[in-house]
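J.: Summarising the annotation, TrEMBL assigns domain 'MTTase N-terminal' to 16-132. Among the features that TrEMBL reports, [4Fe-4S] cluster 1 binding site is placed at C25, C61, C95. TrEMBL lists 154-386 with the feature domain 'Radical SAM core'. The annotation [4Fe-4S] cluster 2 binding site is assigned in TrEMBL to C168, C172, C175. According to TrEMBL, the feature domain 'TRAM' maps to 389-453.
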Amino acid sequence: MKPTTDPRLAPNESPKTYRVKSFGCQMNVYDGERMGELLDEKGLTPAPEGEDADLVVLNTCHIREKAAEKIYSDIGRLTKGKTQKKAPMIAVAGCVAQAEGEEIMARAPAVSMVVGPQAYHRLPDMLDKAVRGERATDTDMPAIAKFGALPARKRRSPTAFLTVQEGCDKFCTYCVVPYTRGAEISRPFNDLIGEARKLIEAGAREITLLGQNVNAWAGEDDVGRPVGLAGLIRAIAKLDGVERIRYTTSHPNDMEDDLIAAHGEVDQLMPYLHLPVQSGNDRVLKAMNRAHTAESYLRLLERFREARPDIALSGDFIVGFPGETEAEFEDTLSLVDEVRYSQAFSFKYSPRPGTPAATMDNQLPREVMDDRLQRLQERLNRDQRAFNDALVGKTCDILVERKGKLPGQWLGKAPWLTSVWFAQEGGDTVEIGDIVSLKLVDAGPNSIEGRLI
Ligand code: SAH
Ligand code: SF4
Ligand code: F3S
């Protein structure tokens, strides 16, 4: 993939503007913001919307085949003038960079830099090299070192992500994350409180704590007592100016009692839990190496509902895992019927290179997966719609996140993470970051309409 348009930069010219395009999970979004902050510090500025950037960072995801292959078409579009008029300098970051760094360098000469998710604090040095014409790859995993080398937070937004835990030791047999992100690590308590303070100073009213297994976070508080995620949440809730706290993604096997209790005790902790289950069948769960059963998962959700009766539940599902029978798939449908999720994410199994499931017998044909996904999604959509319908007539607070497409229209989130929109009337003044009280008047499949009261 050699550039076929004129390059934006002359040889040895430093880029002045940049754009970071993040794909995949929220942790990638967080990393994308942090790379932006590094580039800001280096004197670059974000390219204005719709204008060419001198440097484009593709922050990639390796979780499923489709996501991973996308990077080659994105590079092609950038170099052929389809995304912007002139070909930019290109950096590939994220989980595809980690998994396939060498291959990218060989296959795409237009790429100047390949940098993994644990090494991007070194991006500024790599950029100096790239300007001198030296292509550079860095897929080291120094993990915690990265955070210490990043500049202070300054992004202005009412909602902010804060990565507290990284990596995964669970090795579910289908998943690449333990290989692309490395072993589980927890960032130290005081660093996190410091970063949360900075985010609040910059205008954040809602903080979402992130981790591949966020509830595996463990540390010592400011007086040296061992604490888990619930302790961290309770400490962040005490900071002035935090209105809302969320966390994602949790694993059923790392759930501590105190986190469940916190849902009934910490006002700012929102009534929402994303807890992936993947399958409702115990044989499949075992083959996936999930180390929980459908029953233990359901009992866990019951305890959350006891602590916080209005809690909205969300999950992840994989259909068509190798060897999954029709009857085993139907166990997943039954589990969905029992839980009644407010929203959920469902995927066709995608064999990933290097994972044990990719070489298991009995990989299922595409048609079977398509059919199962469609049947699962019908039920999940039904339940999401029912959840939204049940909110109509209620009053709730929403955090205003941005303007809608129509004049006077605003968008935000209800406590249950449901998207809500409302129209500003006559004398009302509304600003991004406000928490407004709304009466919910009409529900759609994906959002709810509210009226200011
Ligand atoms: N750590 C989180 C989620 C990580 S990836 C957890 O364990 O819950 C997000 C979701 O992608 C997973 O929950 C799973 O549903 C899906 N996923 C991961 N690997 C996949 C694969 N090989 N094929 C299809 N879906 C996959
Ligand atoms: Fe992947 Fe399983 Fe780890 Fe989640 S818990 S990141 S699905 S290996
Ligand atoms: Fe994708 Fe990596 Fe996140 S593979 S889902 S970007 S951890």
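Here, residue 1 is simply the first one shown, and the rest follow in order.
Glycine is treated like the rest: Cβ placed from N, Cα and C.
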J.: Taking the recorded [4Fe-4S] cluster 2 site as C168, C172, C175, identify the other residues of that chain whose CB atom sits within 8 Å of the mean position of the site's CB atoms, giving them in sequence order.
T.: K170, F171, Y174, V176, V177, P178, Q212
J.: Which binding-site residues from the list C61, C95, C175 come close to ligand 1, meaning a Cβ under 6 Å from one of its atoms?
T.: C175
J.: May I ask which of the binding-site residues C25, C95, C172 have a CB within less than 6 Å of any atom of ligand 3, listed in sequence order?
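T.: By the Cβ criterion, which requires under 6 Å to ligand 3, the hits are C25, C95.
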J.: Please identify which of C25, C95, C172 has the densest Cβ environment, defined as other Cβ atoms within 10 Å, among these binding-site residues.
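T.: Max Cβ neighbours within 10 Å, all protein chains included: C95.
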J.: By CA distance, which of the binding-site residues (C168, C172, C175) lies nearest to C61 ([4Fe-4S] cluster 1 binding site)?
T.: C175
J.: Which binding-site residues among C25, C61, C95, C168 have CB under 6 Å of ligand 2?
T.: C168
J.: Near the [4Fe-4S] cluster 1 site, what residues other than C25, C61, C95 in the same chain have a C-beta no further than 8 Å from the centroid of the listed C-beta atoms?
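T.: Near the [4Fe-4S] cluster 1 site, the remaining chain residues are F23, G24, M27, N28, T60, H62, I63, A67, G94, V177, T180.
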J.: Name, in the order they occur in the sequence, the residues of the same chain whose CB lies under 8 A from the CB of C168 ([4Fe-4S] cluster 2 binding site) and which sit 6 or more residues away.
T.: C175, V177, P178, R181, A183, E184, Q212, N213
J.: How big is the gap, in Å, between the Cα of C25 ([4Fe-4S] cluster 1 binding site) and that of C172 ([4Fe-4S] cluster 2 binding site), rounded to a whole number?
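T.: With the alpha carbons as reference points, the distance is 17 Å.
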J.: Please list the DSSP helix, strand and coil residue counts for the domain 'TRAM' (389-453).
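T.: Across the domain 'TRAM' (389-453), DSSP assigns the residues as follows: 3 helix, 34 strand, 28 coil.
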J.: If you draw a 10 Å sphere on the Cβ of C175 ([4Fe-4S] cluster 2 binding site), how many other Cβ atoms land inside?
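T.: Around the Cβ of C175 ([4Fe-4S] cluster 2 binding site), 22 other Cβ atoms lie within 10 Å.
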J.: If you run the three-state DSSP split on C95 ([4Fe-4S] cluster 1 binding site), which class comes out?
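T.: Assignment for C95 ([4Fe-4S] cluster 1 binding site) reads helix.
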J.: Just to verify a number: CA distance, C172 ([4Fe-4S] cluster 2 binding site) to C95 ([4Fe-4S] cluster 1 binding site), in angstrom, no decimals.
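T.: So the Cα of C95 ([4Fe-4S] cluster 1 binding site) lies 17 Å away from that of C172 ([4Fe-4S] cluster 2 binding site).
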